[in-house]
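**Student:** Copying in the features that TrEMBL gives for the protein in this structure:
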BINDING   B:Asp76, B:Asp78, B:Asp80  Mg(2+) binding site
BINDING   B:Cys77, B:Cys97, B:Cys104  Zn(2+) binding site
DOMAIN    B:29-106  domain 'Phosphoribosyl-AMP cyclohydrolase'
Protein chains: 2
Amino acid sequence: MEWLDSIKWDRDGLVPVIAQEAASGDVLMFAWMNREALQLTAERQQAVYFSRSRQRLWHKGEESGHFQQVHEIRLDCDNDVVLLKITQLGHEPGIACHTGRHSCFYSVLRDGAWQPVEPVLQDPATIYRQPKP
Amino acid sequence: MEWLDSIKWDRDGLVPVIAQEAASGDVLMFAWMNREALQLTAERQQAVYFSRSRQRLWHKGEESGHFQQVHEIRLDCDNDVVLLKITQLGHEPGIACHTGRHSCFYSVLRDGAWQPVEPVLQDPATIYRQPKP
């Protein structure tokens, strides 16, 4: 598809993706997509990333139920960064971070140290399905 | 410095950086920093990136006068992405993009094509210093 060909994929075939909450403007997380992930994201209007650690497609929310509804897909001037405008589903307020916080960007540099400034909204142990014994 | 040691620098010694306008929440641009750039950014409270194309430090605004005042530096849960809360100086509304637009993320995916939806606020030819003859 032509719009996918416009993307300047990096040497690993990936593009960086910023997920921003549509309603609040909060930047919730940052991840990567390959071509298939971006195509699926556009088709489903739900965020599908590519997990670099697991080297496979990662349908955000597949384990937690915290899916990301995609309202808009934007591309930057260099065609090498994607911005998603999303609603973070599954909890109110939305939980995008695997630590159970609203946003992954919960640490602020203060007095020469990183300090967490956002509360844990839900215990991660209750978010993710436990493997069956 | 300890807070710099916490960052998981990538194989090129860089970390991805999202610049978000503090007042509006708009995501203005995405760039990269090396260790020196991030240290300088924290010291000066102005964004200093590392240009991958030019392979050198890039004090944002050095040519255009459109500096970025940094209010807050955040780090994500994996310690490998930085989020800056900034004020984009030099024009009102701020111009972060080299095309003369407010944000680099001015293209939206609509009907299977990328469509520019943000106006050019200033002709780039009048923003950047012309080389002397």
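Every residue, even glycine, has its Cβ placed from backbone N, Cα and C.
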**Student:** Hey, of the binding-site residues listed (B:Asp76, B:Asp78, B:Asp80), which one tops the CB count within 10 A?
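**Tutor:** Result of the Cβ crowding comparison: B:Asp76.
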**Student:** Kindly report the helix/strand/coil residue split of the domain 'Phosphoribosyl-AMP cyclohydrolase' (B:29-106) according to DSSP, in that order.
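**Tutor:** For the domain 'Phosphoribosyl-AMP cyclohydrolase' (B:29-106), the helix, strand and coil counts are 10 helix, 30 strand, 38 coil.
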**Student:** Between B:Cys77, B:Cys97, B:Cys104, which of the binding-site residues has the fewest other CB atoms within 10 angstroms in the structure shown?
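**Tutor:** Comparing Cβ neighbour counts within 10 Å for the binding-site residues B:Cys77, B:Cys97, B:Cys104 gives B:Cys77.
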**Student:** Could you tell me the C-alpha distance between B:Asp80 (Mg(2+) binding site) and B:Cys104 (Zn(2+) binding site) in angstrom, no decimals?
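**Tutor:** The Cα atom of B:Asp80 (Mg(2+) binding site) is 22 Å away from the Cα atom of B:Cys104 (Zn(2+) binding site).
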**Student:** In angstrom units, rounded to an integer, how far apart are the Cα atoms of B:Asp78 (Mg(2+) binding site) and B:Cys104 (Zn(2+) binding site)?
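**Tutor:** For B:Asp78 (Mg(2+) binding site) versus B:Cys104 (Zn(2+) binding site), the Cα atoms are 25 Å apart.
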**Student:** Measuring Cα to Cα, how many angstrom lie between B:Asp76 (Mg(2+) binding site) and B:Cys97 (Zn(2+) binding site)?
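**Tutor:** So the alpha carbons of B:Asp76 (Mg(2+) binding site) and B:Cys97 (Zn(2+) binding site) sit roughly 24 Å from each other.
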